[in-house]
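Record features, source TrEMBL:
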ACT_SITE  221  active site
ACT_SITE  274  active site
DOMAIN    9-94  domain 'CARD'
DOMAIN    144-278  domain 'Caspase family p20'
DOMAIN    302-391  domain 'Caspase family p10'
């Protein structure tokens, strides 16, 4: 009996856990990391937190099953290649028909500009049209010239502020941006002045004239309206300037007045940092009514000069005045969820829909402890069109 891949793994689960060897489990982990079914954080967590072979095998198969049939099929394929005898015995023991092994055809190596690690969706999922006035233009040449800025503050002068686990965020975001076709300009452990200087230098990058878009990703500590540099101190002496980068500086350096090369091009800003020290959740009755949006927020949008600050969208790790969370082993929830959503949906969804899906994960994700409440938020969006990260297929109509 042939079952869908996810159902097949469920059927094989108990026998697989009992019989698979440690060497095969580790080889499968490497294969699934190469396929990007697992990210490096997931792989490390399975290896570091599950020491016995049975526990590691159980966590592996459960993690892959949750990702659906496509991911499950990759695990089955690699198990066939790694230990065909074991796979056939598992199927026979569980009363399943073993799928015939498929020999993979070597794929010609592509240039860096052409590499794509994610599968292209078929049919109506591709709605992008180069001549659609409601969509920001993306061309082969513009994709080749994509560039992104990535700043990660991990180690601070005051060791109490060190951001354990932020290395995972840096690694995961670097991989994500590269997979999206962006050359990543990367900095680590900067003061506020150095972050500002990096933004100025980035605004003068020669590729900006040809690119279709940019990402600016900054990960550090923060508070409402600013990102903290590595020399930040909570109590400054009189006359001493606090080591803080105003978020407004990001927009100022990349706006039409200071960066004409990015006029009419999407500028996507992602900030992983606290925006205050308040918790993001409250206890409430089921029938309580939701408050209206604060009038101050609406007024701020109305006062913005759209032609000077246009084609921006920011994605922030938390709502105003609240904290953001990260794990020491896998990094922040924002970056984990962003990488997962973009991997699954970037081929078919626009940037605003991708961010909405990330926000839904904060609402629904079972792995976040119930006492933790954090909600990512879109901010200062002046996009006038839809932005898709990938071109339509050449033969799509």
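Any Cβ shown, glycine's included, is placed from N, Cα and C.
DSSP assigns residue 221 (active site) to coil in the three-state reduction, outside any helix or strand. Averaged over the domain 'Caspase family p10' (302-391), the predicted model has a pLDDT of 74. Across the range of the domain 'CARD' (9-94), the DSSP-based residue counts are 73 helix, 0 strand, 13 coil. Secondary structure by DSSP for the domain 'Caspase family p20' (144-278): 45 helix, 33 strand, 57 coil.
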